[in-house]
Amino acid sequence: MSIVNIAAYKFVSLPDTVLLREALQERADALGLKGTILLAPEGINLFLAGSGEAIEAFLAGLRADARFADIEVKYSTSADVPFGKMRVRLKREIIRMNHPAIRPEAGRAPSVNAHTLARWLEQGRDDDGREVVMLDTRNAFEVDVGTFRNAIDWRIDRFTQFPDAVREHRAELEGKTVVSFCTGGIRCEKAAIFMEDIGIAHVYQLEGGILKYFEETGGPGYDGACFVFDERHALDPALKPV
């Protein structure tokens, strides 16, 4: 049986994380799912694996809560379940940046979809004629597995270092169209808002991250694989473990 893997997140106010944790843990356990769900006052971030039927049943229940009705999901498959346990964890942030003023729920930076980005990369410029630079917001060890060709990589060890790296290197970005990207979209969403907040113009986030880019385009302009935080370790542009 092929295992279905999903990744999804949403920035949305969650004042009831303790109760939500109990409900989601119970539902996931009942369906035999494995993986991790992170809950914080700012939203939800999840990585789950199981049978296709169980995954869809879980998502139906999740989307029955109006706060998650429009949550977008990225799918892949594997021969085995890449997680050993099912954990629902409470965190201060679903992706730690240590900048509480960055609240994606209050307003996102502009995004670029996979097909538009593929066209920009082929052209070498955006639709307004500006040079496009790809900014990798991931940790250095993730970048080493694969990244977009000629992407900017500041060799950060954790996402909390990103704001200082932007301030130090912002001259590299001035006058260009900057597309921030990450695995599934969550880090690049916060990164793009931060760059806008400090006055960098023409900033976009890659909608759905690398995984959605692979899913929709097959990965043109990307060299290598995409590191993932589970037992598969990395996925190729066909979303298969390498």
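Don't overthink the numbers, they just go from 1 along the chain as shown.
Cβ from N, Cα, C; glycine included.
Taken straight from Swiss-Prot:
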- Cys182: active site, cysteine persulfide intermediate (ACT_SITE)
- 128-222: domain 'Rhodanese' (DOMAIN)
Relative to the Cβ position of Cys182 (active site, cysteine persulfide intermediate), how many further Cβ atoms are located within 10 Å?
25
For Cys182 (active site, cysteine persulfide intermediate), which DSSP three-state class applies?
coil
Can you break down the domain 'Rhodanese' (128-222) into helix, strand and coil residue counts using DSSP?
39 helix, 20 strand, 36 coil
